[in-house]
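Student: Annotations for this protein, taken from TrEMBL, read as follows:
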{"type": "BINDING", "residues": "B:Cys48, B:Cys51, B:Cys152, B:Cys189", "note": "[4Fe-4S] cluster 1 binding site"}
{"type": "BINDING", "residues": "B:His226, B:Cys229, B:Cys245, B:Cys251", "note": "[4Fe-4S] cluster 2 binding site"}
{"type": "BINDING", "residues": "B:Cys260, B:Cys279, B:Cys282", "note": "[3Fe-4S] cluster binding site"}
{"type": "DOMAIN", "residues": "B:48-202", "note": "domain 'NADH:ubiquinone oxidoreductase-like 20kDa subunit'"}
{"type": "DOMAIN", "residues": "B:221-289", "note": "domain 'Cytochrome-c3 hydrogenase C-terminal'"}
Amino acid sequence: MSTIKLDPVTRLEGHLKVEVTLDANNAVASATVAGMLFRDFENMLLSRPPRDAAFLTQRICGVCPVPQAVASSKAVEKITGFKPNLQGLMLRNLIQGANFLDSGITHFYHLSLLDYIQGPQMSPWTGGYTQDLRFSAADTQTLTNHYLSALQIRRKANEMAAIFSGKLPHAANIVPGGVTALPSATEITNFRNYLNDIQSFISSTYQSDVNMLASAYSDYYNVGTGYGNLITFGVFDTNTSGGLLFPAGTVTGGTVGTFNEANIKEYNKYSYYSSPSGQAPASGTTTASYGKSGAYTWLKSPRYNNTPFEAGPLARVWVSGDYRNGVSVMDRHMARYVEMAKLVSNMQTWLDQLTPGASGFTNIGDPASGSASGLTEAPRGAIGHWLSVSSSKISKYQIITPTCWNASPMDDSGNPGPVEKALIGTQVADPAQPVELLRIVHSFDPCTGCSVHVMSPDGVEMSKFVVQPLGK
Amino acid sequence: MRINRRDFLKWSVAAVAALKLEMDMDKLNTVMAADTDPPVIWLLGSGCSGCSISTLNVTNPTTIEDVLQNKISMKYDSTLMAGAGENAMQALENAANQYNGQFILVIEGAIPGGASKNNCIIGEQNGVPLTMYDAVLKYGPKAKYVVAAGTCASFGGVAAAAPNSTGCVTVKSLLSGKTAKPVVNLAGCPVNATVMVQTLLDLILTGVPSLDSYSRPSKYFSTTVHSVCPRRETEEVSQPGIYGCYEEIGCKGPGNLSPCPSLKWNNRQGWCVQSNYPCIGCTSPAFPLNPVISVSSHD
Ligand code: SF4
Ligand code: SF4
């Protein structure tokens with residue numbers, strides 16, 4: 001048995017460590033994936049007005065701040081029984097969609113591609129593995145050029161979002177009640193010009209590049225397959241009565257099932273927390289305990305029906321029926337492309353539905369009390385905020401982010417997390433250059449800034465706040 | 001100032017190249033290959049990567065690009081670099097040694113300290129986990145300049161918000177008395193891309209710019225948002241989402257030093273008040289207040 005340790009795993013947001021043991025044939029026998037940054041967000045939210053959470057939780061992740069603001073706003077809105085009007089929903093879709101496009105392009109070109117090609121031989125592109133590079137010099141050049149032009153496209157996606165969001169990262173105006181922008185006809189045209197640019201990049205450059213990758217590395221349809229269980233909370237409202245472009249659902253053994261929030265629990269036997277394991281997020285607490293015996297990560301283990309599930313674009317497009325091939329490294333890349341192509345064309349439709357000068361915001365104030373969840377999707381998967389309010393202040397806040405699903409450690413029954421499972425069994429050609437491991441990890445697009453969280457120690461929290469019973 | 005693709009090139013190898021030289025790799029190699037130039041080492045601590053992303057979004061540095069050509073290269077940046085694991089940590093160590101006393105150390109995020117140093121581990125060197133705290137202490141004194149990118153690194157920001165159970169400290173406090181030059185605080189949540197990139201250029205060209213009492217470059221942080229806000233003369237409104245001035249509902253613009261109304265964000269596509277929400281004061285040492293904004297907060 002030999003061991004490979006990758007610390008840090010670069011080209012992702014945050015601090016991630018991967019450690020595997022290899023058997024005598026250099027196949028991965030066991031794997032641990034660990035989040036190495038702990039930030040305590042849920043605790044800092046306590047005693048604040050509920051409306052502040054949309055701003056603070058965006059600061060969990062500079063890569064996908066918008067879904068945090070949306071999840072948080074939805075939780076507050078649910079407590080008050082409010083739903084934004086169509087203008088508000090479309091503005092959210094467009095800002096969140098722009099964030100998806102930015103994140104997706106960044107993921108494929110800037111976070112993943114260097115696992116398959118050698119970039120220019122200057123820092124920061126030197127020092128990568130040279131194992132298993134299959135593209136010709138000409139194709140490498142093409143992909144490198146696209147790496148560079150994709151930097152413009154991802155930037156433009158941010159600029160496009162800022163037309164309605166004020167700025168990115170960290171949108172200024174996605175709040176409970178809707179979005180405060182009053183889009184002018186000029187701004188709508190401006191947005192459309194950006195959207196057209198991005199759409200043409202996706203339908204030409206990105207499409208051909210992802211296909212090129214998939215044909216050169218077609219064996220990766222059989223690598224990183226993991227459990228094959230997929231989960232999505234659903235995202236992008238298509239109307240005011242609950243229609244979603246990508247509906248909620250689960251996939252088990254290829255079959256789509258209904259999603260039921262009540263089936264989610266979080267475990268922490270192998271996490272640096274001493275608080276009770278196996279709680280539903282609405283009642284979960286977290287007490288940090290670095291160095292806890294047997295623990296190896298700051299991430300907890302969310303499970304659905306006590307089973308590990310994988311979140312991300314593949315889950316969304318499988319449930320929506322847009323892509324149903326398999327679960328693997330290459331399927332994750334293909335799914336992301338399929339989703340972005342569908343998203344960008346629907347954004348055109350949503351843009352058509354904006355009314356120039358109309359308000360997508362209602363001043364709903366802060367709810368006095370109640371509990372609710374706000375569920376949506378980040379580019380990298382299902383995201384949920386569970387909020388309780390008492391005396392108009394936050395009395396409890398729990399967050400489950402996509403990377404919690406994917407990069408979670410073993411649960412209390414010893415089931416590895418989805419990324420860990422996807423690593424197990426992988427053949428490593430050259431243990432000195434374990435590029436296969438990077439390809440698998442990157443295909444999940446992990447983000448550890450978002451994935452680590454904690455509540456205050458139970459005693460402190462309970463002595464300060466009365467948690468309201470669930471109800472509207 | 002309009003977007004200038006050449007300008008971006010001068011700063012970051014990665015981001016820069018695309019904007020000017022999409023299809024011209026030979027030229028890119030020539031321009032960026034000079035290995036004698038003082039490099040940038042960018043470390044991420046307890047932060048969200050928002051300052052990295054914001055910096056990638058830059059379109060508007062200053063007009064001093066010709067002087068700065070060949071002057072900078074990104075030796076360590078965990079978001080963009082090809083190397084991983086040992087290769088990455090070696091690149092960090094090698095760059096710091098090779099360019100000892102010459103490189104610019106950029107620190108994004110606050111730094112968990114005290115008993116919580118292990119709350120942020122940036123990698124392993126020789127089999128030993130390197131905490132962000134120790135990394136800053138190790139590389140800070142070797143740097144020619146140290147830049148705190150964003151409000152978390154500068155003042156603690158959201159990372160150190162009450163109750164700050166992770167014991168986050170600022171770059172300046174951790175490196176007090178240990179750096180060649182004062183730490184430059186580039187406040188903002190995230191840092192504005194122009195402020196970030198222009199300051200790196202200023203450091204290379206002319207050294208540490210004039211700083212205010214919070215160690216922020218005076219040229220960006222001596223004007224309140226309010227004093228140049230285009231809504232100063234407009235009617236005060238009692239809720240966000242309506243065109244008007246937000247002073248009545250706690251806009252932090254009157255007390256907050258920041259160049260937002262003039263620089264704006266994302267290639268000038270917007271900024272907070274333009275999107276009909278008050279300034280929440282994200283460049284302030286006190287950010288984020290509880291509540292983030294309140295009517296009496298700037299009285
Ligand atoms: S909106 Fe804010 S910054 Fe602008 S004038 Fe009013 S108070 Fe000042
Ligand atoms: S307007 Fe205020 S809150 Fe917005 S980015 Fe500028 S300083 Fe920060």
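For all residues, glycine too, the Cβ spot is worked out from N, Cα and C.
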Student: Which binding-site residues from the set B:Cys48, B:Cys279, B:Cys282 have a C-beta atom lying less than 6 Å away from ligand 2?
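Tutor: Result: B:Cys279, B:Cys282.
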Student: Nearest to B:Cys152 ([4Fe-4S] cluster 1 binding site) by Cα, among B:His226, B:Cys229, B:Cys260, B:Cys279, B:Cys282 (binding-site residues)?
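Tutor: Ranked by Cα distance from B:Cys152 ([4Fe-4S] cluster 1 binding site), first place goes to B:Cys282.
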Student: Write down the Cα-Cα distance for B:Cys251 ([4Fe-4S] cluster 2 binding site) and B:Cys279 ([3Fe-4S] cluster binding site), rounded and given in Å.
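Tutor: On Cα coordinates alone, these residues lie 5 Å apart.
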Student: Using C-alpha atoms, which one of the binding-site residues B:Cys48, B:Cys51, B:Cys189, B:Cys260, B:Cys282 comes nearest to B:Cys251 ([4Fe-4S] cluster 2 binding site)?
Tutor: B:Cys282
Student: Among B:Cys48, B:Cys51, B:Cys152, B:Cys229, B:Cys260, B:Cys282, which binding-site residues lie by ligand 1, judged by Cβ under 6 Å to any atom?
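Tutor: Passing the 6 Å Cβ check against ligand 1: B:Cys229.
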Student: Quick one: average pLDDT across the domain 'NADH:ubiquinone oxidoreductase-like 20kDa subunit' (B:48-202), no decimals.
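Tutor: Per the prediction, mean pLDDT sits at 88 for the domain 'NADH:ubiquinone oxidoreductase-like 20kDa subunit' (B:48-202).
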Student: Quick check on the domain 'Cytochrome-c3 hydrogenase C-terminal' (B:221-289): DSSP residue counts for helix, strand, coil, in that order please.
Tutor: 17 helix, 6 strand, 46 coil
Student: Over all shown protein chains, what is the count of other CB atoms within 10 A of the CB belonging to B:Cys189 ([4Fe-4S] cluster 1 binding site)?
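Tutor: Looking across every protein chain shown, the total is 29.
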Student: What is the set of residues, excluding B:Cys260, B:Cys279, B:Cys282, whose C-beta falls within 8 angstroms of the centroid of the C-beta atoms at the [3Fe-4S] cluster site?
Tutor: B:Gly188, B:Val225, B:Lys252, B:Gly253, B:Asn256, B:Ser258, B:Trp271, B:Cys272, B:Ile280, B:Gly281, B:Thr283
Student: Should B:Cys152 ([4Fe-4S] cluster 1 binding site) be counted as helix, strand, or coil on the basis of DSSP?
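Tutor: Note: B:Cys152 ([4Fe-4S] cluster 1 binding site) is helical by DSSP.
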Student: Among the binding-site residues (B:Cys48, B:Cys51, B:Cys229), which are close to chain A, meaning C-beta separation under 8 angstroms?
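Tutor: So the ones by chain A are B:Cys48, B:Cys51.
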Student: On a count of neighbouring CB atoms within 10 A, which of the binding-site residues B:Cys51, B:Cys152, B:Cys229 is highest?
Tutor: B:Cys152
Student: With every protein chain in view, how many other Cβ atoms are within 10 Å of the Cβ of B:Cys282 ([3Fe-4S] cluster binding site)?
Tutor: 28
Student: Out of B:His226, B:Cys229, B:Cys245, B:Cys260, B:Cys282, the binding-site residues in the record, which is closest to B:Cys51 ([4Fe-4S] cluster 1 binding site) when you go by Cα distance?
Tutor: B:Cys282
Student: Check the Cα-Cα distances from B:Cys260 ([3Fe-4S] cluster binding site) to the binding-site residues B:Cys48, B:Cys189, B:His226, B:Cys245 and tell me which is shortest.
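Tutor: With Cα distances computed to B:Cys260 ([3Fe-4S] cluster binding site), the winner among B:Cys48, B:Cys189, B:His226, B:Cys245 is B:His226.
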